[in-house]
Amino acid sequence: MKTKFIFITGGVVSSIGKGLAAASLGALLESRGLRVTMQKLDPYINVDPGTMSPFQHGEVFVTDDGAETDLDLGHYERYTSARLSKKSNFTTGQVYFSVIDKERRGDYLGGTVQVIPHITDEIKSKIIENAKGADVAIVEVGGTVGDIESLPFLEAIRQFRFDRGAGNTLYVHVTLVPYIRTAGEMKTKPTQHSVMELRKIGIQPDILLCRCDRELPQDMKKKISLFCNVEESCVIPSVDSEHIYAVPLALNKERLDEQVVEKLNIWTKQPDLTPWQDVVETLRHPSHGEVRIAIVGKYVNLTESYKSLAEALTHGGIANDCRVYLKYVDAEKIEENGVEGWLDDVDGVLVPGGFGERGTEGKVLAIEYARTRQIPFFGICLGMQMAAIEFARNVCGLAKACSTEFKNDCKEPVIHLMEEQKSVNKKGGTMRLGACPCTVTKGTKAFDAYNEADISERHRHRYEFNNTYRELMTTKGLVLSGINQQKDLVEIIELPDHPWFLACQFHPEFKSKPLVPHPLFRAFIGASLTHRNQR
C-alpha cells in the first residue's frame with residue numbers, strides 16, 4: 001500500500017492539544033491494523049530542544065537512538081507501538097543547517113538558495129524519509145497558523161498534496177471553539193478566522209477537530225461547516241476529557257478514524273479498542289483507591305517538565321489498579337524550611353532528573369527522610385546521584401560527599417564527570433544519550449521488577465557513579481544491582497533492608513505506556529500501595 005500522509009495543524013491558541021490529537025489518531029489507526037509512524041515539525045531555530053530551559057520548553061523526550069526531542073514524541077510513543085528516532089522530530093534549525101551545508105558543498109550548482117524550493121524541498125524530503133515502511137504517516141506541524149515561523153512548513157505540506165495527490169494526503173486542523181460566559185454561548189469566529197488563515201496559504205482542511213469544554217451543538221457544527229467549507233460530518237468535537245487516555249475512545253465515538261480511512265480510501269478491519277476501554281475503566285474506578293506520590297524536584301512550577309514521569313506513574317497505578325495522586329514538592333522549599341511537613345502524607349517519594357546545584361540539598365534531605373522512615377523511594381538520573389551522595393554522607397560517614405557537577409574541588413566525588421565527557425566543549429547533543437544495555441543482578445528488587453537480566457534503557461546525562469567508592473558503599477550495604485558491562489558503569493542502586501529503595505541512572509519513564517506500564521513504575525507504585533495499607 002502506498003503511504004498515506006495526514007498533516008495536523010493548529011489554530012487560535014498554542015497548547016491546543018495537537019500532540020494528543022495526533023497520538024490518539026495514531027492509536028485508532030493502529031487498532032484498525034495499520035502500520036503508523038509519527039513525526040513532529042518544530043518551527044523554532046534551535047537545532048533541538050536539548051539545551052532549552054524546561055521552564056520554556058517543558059520536557060526533553062529522548063529516543064532510543066539518542067535524539068533529544070519535543071515532548072509530543074512521548075505522547076506518540078505512549079499511544080502507539082511506534083519506536084521513534086531522530087527522523088521523527090526536526091526543527092527549522094535542522095532544516096536550515098542541512099540546506100546551508102549542501103550549499104557549501106556545492107550541491108545546488110551555484111544556484112540562488114531560497115525558501116521555495118530549497119527549504120520546502122528539504123522539509124518534504126525529511127517527511128518522506130521518516131514515512132518509509134508505514135501505511136500512514138501522521139505529521140504534526142508545531143506552532144499556530146498565522147505564526148511567521150511556521151510558514152515554510154505549511155508551504156511544504158501544501159505542496160505535498162500537489163505532489164502526492166488528494167487521495168494520499170489529508171489535512172486535519174485542530175481549533176478552538178470557546179464558551180463566552182458573559183454571552184452564555186459558544187463562539188465559532190476564532191475557528192472561522194483560523195481556517196481563513198490556513199486557506200490563504202492554500203490549505204483547505206479536510207477535517208476540523210474543534211476543542212471545546214462542553215458539547216458542541218448541532219447548529220454550531222452546521223455553522224462551522226458552512227463558513228469553513230468542511231463537510232458537516234468532518235466537523236468533529238473534541239471535548240475536554242478527565243483522562244487523556246479517554247481521548248482515543250471519544251474521537252472514535254465521533255467517527256474520526258472512520259472519516260480518515262474513508263477519505264484516504266483505505267480498507268481496514270474494525271477497530272478493537274478493548275485495551276483502551278480497560279485502561280479508562282481502571283482510571284475511573286480503581287479497585288484499590290489512591291496512593292500519594294511526592295515528586296521532589298526543581299521544575300515543579302511547570303509540571304510539563306516532568307510529563308513522561310507523571311504519565312509513567314499513572315501507568316504504574318493502572319498496573320496496580322489504583323489511582324496515583326502526584327504531590328509536587330519544591331526541593332528548594334525543603335532546603336529552606338526542612339523536610340518535616342512536606343512528606344508526612346505521602347506513600348512514596350520520587351526524586352527525578354535535573355541539572356545544576358539548585359535544590360540538590362533539599363533532595364538529599366527528602367531521600368534521607370524516605371530511607372530512614374522506610375517509605376518507598378525511587379530516584380531517576382540526578383535522583384540516583386543524590387541517593388548515592390545521601391548514602392555516602394549518612395551511612396558511610398563521608399560528610400564531604402558531593403558531585404563534581406556542583407563542586408569541581410569536591411573532597412569526596414562520589415559522582416563525577418564521565419571520562420568521555422572530559423574533552424567535550426559543546427553542550428548541544430553531547431551527553432550520553434539514548435538506549436544503552438544494562439545487566440541486572442538476580443535476587444534484587446530490580447530483577448524482581450524486570451524478571452530478566454539483560455535490559456536496555458534510555459539515558460541523558462554527563463555524570464556517573466564514581467567506581468572508586470564501590471567497595472566502601474557496598475560494604476556498608478548498598479547493592480549495585482544494574483551494571484553497564486561495556487563501560488563498567490553503575491546503572492541501578494538499591495537497599496536490600498528497605499521495603500523498596502531503588503534508583504537508576506537512566507530514564508525508565510521514556511519507555512512506559514498505558515497499555516504496557518514500565519516494570520520499575522509498576523513495582524514502585526505496588527510498594528507504595530503496600531506502604532499505604534500498612535500505615
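Heads up, the Cβ atoms here are built off N, Cα and C, so glycines get one too.
Site annotation (Swiss-Prot): L-glutamine is bound by Gly354, Leu382, Gly383, Met384, Gln385, Arg462, and the candidate from Glu335, Glu336, Glu405 recorded at this site is Glu405. Checking the candidates Asp64, Asp65, Asp70, Asp72 against Swiss-Prot: the one annotated together with Ser15, Ile16, Gly17, Lys18, Gly19, Leu20 at the ATP site is Asp72. Swiss-Prot annotates Asp147, Ile148, Glu149, Lys187, Thr188, Lys189, Pro190, Thr191, Gln192, Lys223 as CTP-binding residues; of Ser14, Ser24, Ser31, Ser403, the candidate listed for that same site is Ser14. A 10 Å radius around the C-alpha of His507 (active site) takes in these recorded positions out of Ile148, Pro190, Cys381, in sequence order: Cys381.
Within the same chain, the residues at least 6 positions away from Thr188 (UTP binding site) whose Cβ sits under 8 Å from its Cβ are Val177, Met220, Lys223, Ile224, Phe227, listed in sequence order. Taking the C-alpha positions, the distance from Gln192 (UTP binding site) to Ile148 (CTP binding site) comes to 19 Å. Looking only at the recorded positions Ile148, Cys381, the densest Cβ neighbourhood within 10 Å occurs at Cys381.
Fewest Cβ neighbours within 10 Å among the recorded positions Lys187, Lys189, His507: this applies to Lys189. Separation of the C-alpha atoms of Pro190 (UTP binding site) and Ile148 (CTP binding site): 18 Å, rounded to the nearest whole number.
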